[in-house]
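Engineer: Quick one: the structure is below, questions incoming.
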Amino acid sequence: MLILRGAPALSAFRHSKLLEQLKQKVSAVSGLYAEFAHFADVNDVLTSEEQQVLDRLLKYGPSVPVQEPSGRLFLVLPRFGTISPWSSKASDIARNCGLTKIQRIERGIAFYVEGQFSEAQAQAIADSLHDRMTQLVLGDHEQAASLFSHAQPKPLTAVDILGGGRAALEKANVELGLALAEDEIDYLITSFNGLGRNPHDIELMMFAQANSEHCRHKIFNASWDIDGQSQEKSLFGMIKNTYQMHSEGVLSAYKDNASVIVGNVAGRFFPDPETRQYGAVQEPVHILMKVETHNHPTAIAPFPGAATGSGGEIRDEGATGRGAKPKAGLTGFTVSNLQIPGFVQPWEVPYGKPERIVTALDIMIEGPLGGAAFNNEFGRPALTGYFRTFEQSITTPHGDEVRGYHKPIMLAGGMGNIREDHVQKGEITVGSKLIVLGGPAMLIGLGGGAASSMATGTSSADLDFASVQRENPEMERRCQEVIDRCWQLGDRNPISFIHDVGAGGLSNAFPELVNDGDRGGRFELRNVPNDEPGMAPLEIWSNESQERYVLAVGVEDFDRFKAICERERCPFAVVGEATAEPQLTVTDSHFGNSPVDMPLEVLLGKVPRMHRSVEREAEIGDDFDPSTLDIEESVQRVLRHPAVASKSFLITIGDRSITGLVARDQMVGPWQVPVADCAVTATSFDVNTGEAMAMGERTPLALLDAPASGRMAIGETLTNIAASCIEKLSDIKLSANWMSAAGHPGEDARLYDTVKAVGMELCPELGITIPVGKDSMSMKTRWSDEGTEKSVTSPLSLIVTGFAPVVDIRQTLTPELRMDKGITDLILIDLGRGQNRMGASILAQTHGKLGRVAPDVDDAEDLKAFFAVIQGLNSDGHILSYHDRSDGGLLVSTLEMAFAGHCGLNLHLDGVADNVSELSAILFNEELGAVIQVRQDATPLVLAQFSAAGLEDCVAVIGQPINNDEVSISFHGEPVFSGQRRLLQRQWAETSYQIQRLRDNAECADQEFDALLEEDNPGLTVKLGFDVNEDIAAPYIKTGVRPQVAVLREQGVNGQVEMAAAFDRAGFNAIDVHMSDILAGRVDLNDFKGMVACGGFSYGDVLGAGEGWAKSALFNSRARDAFQGFFERADSFTLGVCNGCQMLSNLHELIPGSEFWPHFVRNRSEQFEARVAMVQVQESASIFLQGMAGSRMPIAIAHGEGHAEFRNDDALLEADVSGTVALRFVDNHGKVTETYPANPNGSPRGIGGMTTLDGRVTIMMPHPERVFRAVQNSWRPEDWNEDAAWMRMFRNARAWVN
């Protein structure tokens, strides 16, 4: 084993933060140093050349001075017997670089902690430094040799029910955490007595997972008695009623990993499977919809819990039909009170929590990072979501109890696209190969399905922790590339059947696959790819290692499938074959036995149906009179409540421009304020149709009136999605996610009544279907606190997500008030019809109250009329701005519109209030509704349209936006409230800022927060030195000659399709080229005029961002010769964007004229930054930027490592004077800046892009390929038609080739 010291592992910011955390745990800690440690398992002595290559491979990341360490060593390594995702990628890179003597490279972190401490304190330090699920801590480097030793496989065990009877099974139930019900134990004893043998532990675990509440939805399929009355339908039956009443537009419901609805026709853009040339195929592009929850793992370990939640939902989309493509995501969180240190709010009363779960604040620091990181690395934009906190002590008929979300809601959802011919699963023929695609088995996530089905606190802490999975998004990306290549083959798609591997691992996925295909299966356990050979059969079969799919591929299609996997470097294995007989057999060649041999009907068949007999409880509530409150204090409290406050800290960490198909993200207007009502994507690059999604949830209302909370969730979804341009209300389809503390007094009846209100009443009345959903029935946390039994129970929680095809993505409305449209009015549409019900409002919550009467949807006809009028007014161009009314009420809706428009408000409440005592209720009630901005001369027409639709009593003019910073509210000329817009916006932004400050570099958070005080910020602007609508490539395109450009990607790259689309539009033939094609000699770069290295996360950024990719080219002789020859050709050009920029900067020794280039390292904020930034094009030789010098315009940013690091100040100066700086970040006034967030990565002198001395090679961190169409821009000037400013760059390349 070789031991190689690495670079320091912590930036100054992370170092001081960790040191502070350690001192809080162990006050004797006085100092800390951390560096990476690398360990290489070699089968022979390396030559000096090989050693040099290895040394260069392991030199990556920013340049930080190396120290001579002192203090006690805590060496944190991957758990022995495991292979980390880092190791598998680094080992791949080493092999690609010709280091064939290296079996494996592994990495740890050597923490040196100074101070005098006891062994108990040392243990506390060790606990703080590692994740015990995947890591261990050693005291010296030599012990790391055990990383490369392999444990012997553990044997099978049986449970002796033939001899020990029921007691033996009950004991196994507890020890294995199976969560079997009494009737299931009876069923298993009967079944195995019938088979005449004892069950193996692997069979019991498989049964427990397949039949857990998580997988089987027993409560939703149960029969019910309520108050002694038998109920006609199950919960699922009432949901299905929406489909039975209105099935039009639904292509697949209730039977696959996601639902499918009818989409628009467009030119779907992808590479031809044979020629690899990108092109558009005109066809229907149908819409997938799916929303999942991952609540239990997120409570235990928020980052991996939320990451694997997002990953699992992405796999559900990809595994729909015969393979599909995820497109855009959403994330939601509900937690208990945050109690931010130094920022605790008056309504946040400490109650405590069990040791095994983390705090609400830690969930909201780590969980969103996990969800965002997975989406970012996979390459899916996260475009909408929600965030709510709720925790309150309430009085019930059974006494006082705390209701809240110690068990959080972590929602991961999204939409995708699928070909019409692939919507339905195919046939599994007898003998079909049964394949696992993706990563290896590891001992993580064991028993997750059963664990998530228990109330938090009823299982052991070890079982809880074991049930959390760990993520590897780059592997999932490779799997998706394989699925993409398969569906792109059309009727030659080799996949006949596909499922994702989720709860229960292969023990659930393979039986489900063969059972759904009306087959049985024979499997060989040792064919499962396995990175922990010491696992027992149960562990191999049931672990929930992520990023895996199971597929059935016909024998005749197998070679085609294999070739695709090899090109994409995606692991796969044939584990079994399909049989005609419905028997499940798993053999084990190592031990020569059969761990599983049972009929599928025993596993999945006749399990007893649950029956629930429950009673309704009296509704609860308390008195709340808002008229007695001080309005100014109410405004401050409401603006700081997390459900109302800015969600910026959740949004800027998530890529919102990847795919180049995003038409509306959360950030609105020139000042990029996070207030959008819905998310909108384009169907493809050649049309203006698209897809919309929006969310609705009003969970605290359920404590007062559960059915009302369900109706309001649907109502809010509709008032949100109404901002997009949809042909008719029935085009909207809903996902319903139900969370309940089943068994808690009154909660079961509330659940039943709410499902009935939604499924049997409101949705049928609206003509809307719920074709997909999910339930989580164990939303309660119990623990003992110094002998006192405590619990926190969530309210019944329905989270609704709406999806719909969009007629015109250019007509999406936003809350940005327009000050350039003359005199305008603000009109309130109050669907509560003046009732102003305050129950469970944010204002009530900020005073520790609930109130008594909840807002509700009283008449479905009002909602239908509202939707129709808004759509009509939008189509006619009358609505300038739109925002729904929700949390915080009318006051918050109008303030958010003013924040987005950077303007003041003059509101007068004369038309909506009768007396002063009503004003607080009018400003803060959360009845359904919206505020629209219209030109004053159109106001009578607009009001008339609402009157004609029966909504005359719902509408009133409430004021005007004004062109200054003042916000004033009056009633009959008397002032009610006044304030400054920017100070109110700071209050609204402060909760987000406080969390950002704890999570990221505090200096950057301070700069962003202080920027809100700037009075004359003009926002994003455009100043071009060219005509955006001129196509300078048109003469060359007319010749019919289309030069070839290699669209280059490596494993983990995810931005190739939009890059190809930009070059295709500019008149090039874009060809898909994988690095594996170059390394194998399948592609010759001499065939191309241009090459573009695309964005993403090559090798998951292992060995540095873009560095592993670059080194696999530098140290592989075939690849090095190919790249060097290409760069030296005078007729070639190259572009590198984001990850491609990082990669090319590390190839500078091969690129003539690039000696001034920097190295790109971690952003100054220490965070992934997804923003719209202003850049100015510099005077340079870049062939891409000719005729653009001096132009200033916005561009999409999405990177974690974009900080340009030069060797020293002299090198920076040389770059400056050499004329090779191509782009600089500027502030909204046009000045070059290093200030955050205008400069999102802190690069010196605003450097954002470089070129070579002759201009043929250009690299940049921003993403022009995502914003070449006008509709792709989060904000754009109105005079942009089809093209955006960045299209000129690609056309410049086409003109240069000529």
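Note: Cβ is positioned from N, Cα and C throughout, glycine not excepted.
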Engineer: Can you identify, from 303-327, 1228-1252, the stretch that Swiss-Prot calls region 'Disordered'?
Structural biologist: 303-327
Engineer: According to Swiss-Prot, Asp677, Glu716, Asn720 bind Mg(2+); identify which of Asp491, Asp500, Asp884, Asp887 is listed for that same site.
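Structural biologist: Among Asp491, Asp500, Asp884, Asp887, only Asp884 appears alongside Asp677, Glu716, Asn720 as Mg(2+)-binding in Swiss-Prot.
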Engineer: Listed recorded positions are Asn720, Cys1138, His1263; which of them have CA atoms within 10 A of the CA of Ala676 (ATP binding site)?
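Structural biologist: Near Ala676 (ATP binding site) by Cα: Asn720.
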Engineer: By CA-CA distance, flag whichever of Gly305, Thr384, Cys1138 among the recorded positions is nearest to Asn720 (Mg(2+) binding site).
Structural biologist: Thr384
Engineer: Can you name the residues of this chain that are 6 or more positions from Glu1265 (active site) yet have a C-beta less than 8 Å from its C-beta?
Structural biologist: Gly660, Gly1055, Glu1058, Met1059, Ala1061, Ala1062, Cys1094, Gly1095, Val1137, Trp1286, Phe1290
Engineer: Determine the Cβ neighbour count for Gly305 (ATP binding site): the number of other Cβ atoms within 10 Å of its Cβ.
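Structural biologist: Looking across every protein chain shown, the total is 28.
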Engineer: Provide, as an integer number of angstrom, the distance between the C-alpha atoms of Asp677 (Mg(2+) binding site) and Thr384 (ATP binding site).
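Structural biologist: Pair distance, Cα basis, whole Å: 8 Å.
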Engineer: May I ask which residues of the same chain, at least 6 positions away in sequence, place their Cβ under 8 angstroms from the Cβ of Thr384 (ATP binding site)?
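Structural biologist: In sequence order, the residues whose Cβ lies under 8 Å from that of Thr384 (ATP binding site) (at least 6 apart) are Leu330, Gln666, Ala676, Cys678, Ala679, Met693, Ala694, Met695.
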Engineer: Averaged over the domain 'Glutamine amidotransferase type-1' (1045-1298), what pLDDT does the predicted model reach?
Structural biologist: 98
Engineer: For Thr384 (ATP binding site), name the DSSP secondary structure in the helix/strand/coil scheme.
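Structural biologist: In three-state terms, Thr384 (ATP binding site) counts as strand.
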Engineer: Looking at the binding-site residues Thr308, Gly311, Glu716, whose Cα is closest in space to that of His1263 (active site)?
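Structural biologist: The answer is Gly311.
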Engineer: Near the Mg(2+) site, what residues other than Asp677, Glu716, Asn720, Asp884 in the same chain have a C-beta no further than 8 Å from the centroid of the listed C-beta atoms?
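Structural biologist: Near the Mg(2+) site, the remaining chain residues are Cys678, Ala694, Gly696, Thr717, Leu718, Thr719, Ile721, Ala722, Ala723, His883, Ser886, Ala930.
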Engineer: If you measure Thr308 (ATP binding site) to Cys1138 (active site, nucleophile) at Cα, how many Å is it?
Structural biologist: 25
Engineer: Taking every protein chain in this structure into account, which of the recorded positions Ala676, Cys1138 has the most other Cβ atoms within 10 Å of its Cβ?
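Structural biologist: When each Cβ's neighbours within 10 Å are tallied, Cys1138 leads.
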Engineer: What are the helix, strand and coil residue counts for the region 'Disordered' (303-327) according to DSSP?
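Structural biologist: So the region 'Disordered' (303-327) is made up of 16 helix, 3 strand, 6 coil.
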